[in-house]
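So the structure is just underneath, and the comments pick up after that.
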């Protein structure tokens, strides 16, 4: 009593307290960062190593395995995968959430150092690492194009000047440059000319290496001067290399230009990048795991004018893709939804109270509660994101509930003739415990979420804390500011209402009278009502089991990623043509705004595309509908497949794949894995629940297998090293010398001129100089035949692995796909030596599925404990919780009606309903208990009177919550995929709950009262609490 009086009789202090809360919230709002979702990125580090010319199997055994053994001993590694291809290995380390990325990086460097002695000596550089997830979509893609500069020169500008500067920007984790390679002097040898001159490829390599040497020469001094010695020991351009003497034949000089074509070119000619049909260099920028995407993008944009000044004017630097516009648009949509929710909630209050003066009170309480929450969000290190803003949108209906309960009860006393200040004090005292019970039990719902681990726990924590803080501030405001305003603003008389609102008042009275009559019938047919309640419980179980489920709603971020997978024996030239064909198909689609792509590198049969769609208001289709339309056109391209997927704000795991979800096969028997993977993949491709099924196992690449006749080699004076060196010199794009420039280092690359390697007969033109100086053709001591060989070798942990990727067809859920895969694996009878498990997002979905029911039960148990403590009763909390089954049925039926799968967002809605719908029961039970204690009424009379007396606030609070969530259902535009499931769940649950709990709660109350009396030692005592 004294607590409430302190604020009611000190209006200035109460107002200033509210102003202080609001000002703190405004300051917090201005400092909050912006993000699409809460920070849920796993710490990921990528380790890269190269050994030019080494086969995938050699890279896996000699490079990947030693590194994996060393890296696998690092604490906190939750997953380690590797992929080895021609000349390169990449190892992805995913760490636990609580592992600091910088500390993990230090451990990774130490592990690399420890494994260094076990790695091949021919590696051109030590393994390196990057603190970025290569499977994440770039947050920004920059392109460089020019009509005057070559691709190699553009790549040089990008890698030498732009990439290092961008990498230093806060939040940037990795800048990957693609589309070409660094400039180089390429030496294309003519094997027939070499044979005629009696010059071996090793002779050429040695001559070039010896002619381009950068060594210190020292200095000369006399008594007064000092001269530094400088020589012309370096060759820098193709023109300088052409006259180089590499051999003398019969006294005549053999120059490099006589036996080779020397050009200024690039290190690796098997790279290509394009943007909108124009050759381009791509800078793909990825953020650090803990970085804020909006802040990072803004920092990059601010740096672009300075970057443009560092490159020639003839080079066009453009932003080809930017993830931030759709994120900003999505947040703007949520903010608009929040404003609409506040307006609708206040409208509901006005319609029920029919007084502008009374409506002002909750109209003030709601903004104070919501704005004050921003201060707590800032102190907790949260961001303004879709989930936290949705929490505030839903909180609109919650925070007004407390004010409504207090206001309505005070207004009831005023209408009875009580003085305003006395009515404020008496009314607040009567419902103070009720409001406290409602708020604490609602916050209790989120305690299990706060204790939940893993990615779902991280994802939902900001939502739960934000909503809990808003409810806490609302509780404070409703017990301080609201009664004070009622006491000083409302009059001790029945408020005058406008004529146009009298009809609503009469309708509400008629509705209340009708409810009273139907409630009497329900209380006289308790068994029938009880059967209905039991039926809703059974229906809940059936609906939850049968409803399609997924991890997170599929988002339309306006960005697509595409992975090209061509025939494993395809040449680079043909692959570049496939890239151009696919890009043209994509570019011609009316919903596409920009297309960039690249191919080449160690995997010549693959490529990547990044597609920016037009804004939502300029297209009528969703991203998935566009993918479905393009899939039909892309299927007509022979010899290659382009797999498209919509970029999501949440992607788990470090695997780069061509689809959204992964299923990984593991085995310690590589032969068994290679035998069963094609069978499993073909089976999964036939399932209607899956689309775009593909695999990263590529073991059918074309190979030319050379078999040495060692006896003949010994007789001819040739060793294996010389033969292998010949092949590497001829076909390996061997880097044989380094050109040092002020800004970078460039290579001299030697190979047989591609004009002479168009078919297998090129091997017949190769020869080796034996120990007697004679030229011995390769065909004399070697035979060759075509064979198949892997293009890549993949590991997970230290086991051989193959990952099958898949997308979901329209109308199918992740639970459908998971069940179908499990059935297929059982039908195939896969041996125990091959183990299958879901990976990435699909793995997290499986884990979340297993914990959802436990989480809901934990929330109900927590609410029961809190209510039991508040009511000092084991029974009354059960009465209050009996409202939940009807809400669950309504939520699940609504999801089915809108064809929306049960996702993590829908789970949030269920958790919220646990907190919302019990408010009705709390108001009924509180007043019934009070009537029994002080009114000497029977339980049936007490609960009947409580239901009628609290009918108006029950309708007000329910409609306020419903209208607060309704804009989420009706919202469109960016980010609506996240908002709609939450709104659908809450609105459906509230409608069904309101229809049933007004009858089931009184019946359950009477049932437990009779049960209590039956087992009570004092059966004549009406109330035992």
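Placed from the backbone N, Cα and C atoms, the Cβ positions cover glycine too.
Listed in Swiss-Prot:
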{"type": "TRANSMEM", "residues": "3-23", "note": "transmembrane segment"}
{"type": "TRANSMEM", "residues": "333-353", "note": "transmembrane segment"}
{"type": "TRANSMEM", "residues": "360-380", "note": "transmembrane segment"}
{"type": "TRANSMEM", "residues": "387-407", "note": "transmembrane segment"}
{"type": "TRANSMEM", "residues": "431-451", "note": "transmembrane segment"}
{"type": "TRANSMEM", "residues": "463-483", "note": "transmembrane segment"}
{"type": "TRANSMEM", "residues": "528-548", "note": "transmembrane segment"}
{"type": "TRANSMEM", "residues": "853-873", "note": "transmembrane segment"}
{"type": "TRANSMEM", "residues": "875-895", "note": "transmembrane segment"}
{"type": "TRANSMEM", "residues": "897-917", "note": "transmembrane segment"}
{"type": "TRANSMEM", "residues": "953-973", "note": "transmembrane segment"}
{"type": "TRANSMEM", "residues": "984-1004", "note": "transmembrane segment"}
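At the 8 Å Cβ cutoff, the transmembrane segment (360-380) and the transmembrane segment (3-23) share at least 3 close pairs (sequence separation 6 or more) and count as touching. Taking pairs at least six residues apart, the transmembrane segment (875-895) and the transmembrane segment (333-353) share fewer than three Cβ pairs below 8 Å and do not count as touching. Spatially, the transmembrane segment (431-451) is not adjacent to the transmembrane segment (984-1004); fewer than three Cβ-Cβ distances between them are under 8 Å for residues at least 6 apart in sequence. Long-range neighbours of the transmembrane segment (3-23) within the same chain, counting only residues 6 or more positions beyond its ends whose Cβ lies under 8 Å from a Cβ of the stretch, are 364, 367-368, 371-372, 375, 421, 424-425, 428-429, 432, 473, 477, 479-481, 483-484, 487-488.
Contact between the transmembrane segment (984-1004) and the transmembrane segment (333-353) is not supported: fewer than 3 Cβ pairs lie under 8 Å, counting only residues 6 or more apart in sequence.
When Cβ-Cβ distances below 8 Å are used as the criterion, the transmembrane segment (387-407) is approached by residues 37-38, 331, 334-335, 337-338, 341-342, 345-346, 349, 353, 358, 361-362, 365-366, 369-370, 373, 377, 427-428, 431, 434-435, 438-439, 442, 459-460, 462-464, 466-467, 470-471, 473-475, 477-479, 482-483, 486, 912, 915-916, 919, 923, 953, 956-957, 960-965, 967-968, 978-979, 982, 986 of the same chain, each at least six residues removed from its ends. Two recorded stretches are said to be in contact when at least 3 C-beta pairs lie under 8 angstroms, sequence spacing 6 or more; the transmembrane segment (528-548) and the transmembrane segment (463-483) fall short of this definition. Distant neighbours of the transmembrane segment (333-353): 359, 362-363, 366-367, 370, 386, 389-390, 392-393, 396-397, 400, 404, 407-408, 411, 495, 501, 504, 508, 952, 955-956, 959-960, 963-968, 971-976, 979; these residues of the same chain sit at least 6 beyond its ends, with a Cβ under 8 Å from one of its Cβ atoms.
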